[in-house]
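Database features (TrEMBL):
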TRANSMEM  26-51  transmembrane segment
DOMAIN    40-288  domain 'G-protein coupled receptors family 1 profile'
TRANSMEM  58-77  transmembrane segment
TRANSMEM  97-119  transmembrane segment
TRANSMEM  140-158  transmembrane segment
TRANSMEM  196-215  transmembrane segment
TRANSMEM  236-259  transmembrane segment
TRANSMEM  271-290  transmembrane segment
């Protein structure tokens, strides 16, 4: 296998489209989305760090979720953008393996972080009196560490199964990044064992975390429907709706992509991939952050603090100028 890999050391990413006229508009669109993704997620992380009112378990998980969004969109988007701009669609064997491995790691971590966030909301709404002791800082760190540990081990298995066989040239990947299904289609060796292993592990990660989320929201729904206060019910439903929207986009496209055999995958996979690799990381800061009253309040405080600082500096500068004028300067 290694000998054949050395004779074909580079993969060719065929990209999103063959149309030359579409390259420039797509470059502009995806560059804008990537910039918004970076600004939105980094801004949310900085805001959570700077605002004491957001130092809670929910926003602790959210910062790690934003970090994972930044990482896996950065693994995909810059390479895709350079391919669209310059048309150089080759990627080295090591680059392809690394891109897929890191992508698999951060996407799997996001599944487990979403489950941790759903559990946090479940405890907050269903067991508010014991929330502080149940979701302690130590528990938060343990859940995040578990997410990255499972993701790291899963990514090793995914990568080994995807790139472990022998490949025949030309290594033309019918996708805009190195993903399992289009890479496995290039293999000369029998890939059924690898497909089964990837399918089983993706099912365990996807359905395992999905069940935690569904159970958490099921308990939340039961608790919310038992509330007598209509405004309280509406507020809780709004919180759930934001979470469910992000979960639906993320899990819907992941299930479509990975919970089916490689032989059934086709060109429509590219459109599904765009959602969870490019669009979803951009939407999450808006879904989780800007629709939340606590985040809006923290933004308002930061804005007022900045305005006060600017006024103070202008006042100090004016005082210095008046002092200089008084001295005849």
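Using the three backbone atoms N, Cα and C, a Cβ is placed for every residue, glycine included.
Values in this document were obtained by computation on a predicted structure and should not be read as measured data.
Sequence-remote contacts of a segment are chain residues at least 6 beyond its ends whose Cβ falls under 8 Å from one of its Cβ atoms, and for the transmembrane segment (26-51) they are 16-17, 59-60, 62-63, 66-67, 69-70, 73-74, 77-78, 80-81, 84-85, 278-279, 281-282, 284-286, 288-289, 295, 298-299, 301-302.
Between the transmembrane segment (271-290) and the transmembrane segment (140-158) there are fewer than 3 Cβ pairs closer than 8 Å, counting only residues 6 or more apart in sequence, so the two stretches are not in contact. Sequence-distant contacts of the transmembrane segment (140-158) (same chain, six or more residues past either end, CB-CB distance under 8 Å): 57, 60-61, 64, 100-102, 104-106, 108-109, 112-113, 116, 119, 180, 197-198, 201, 205.
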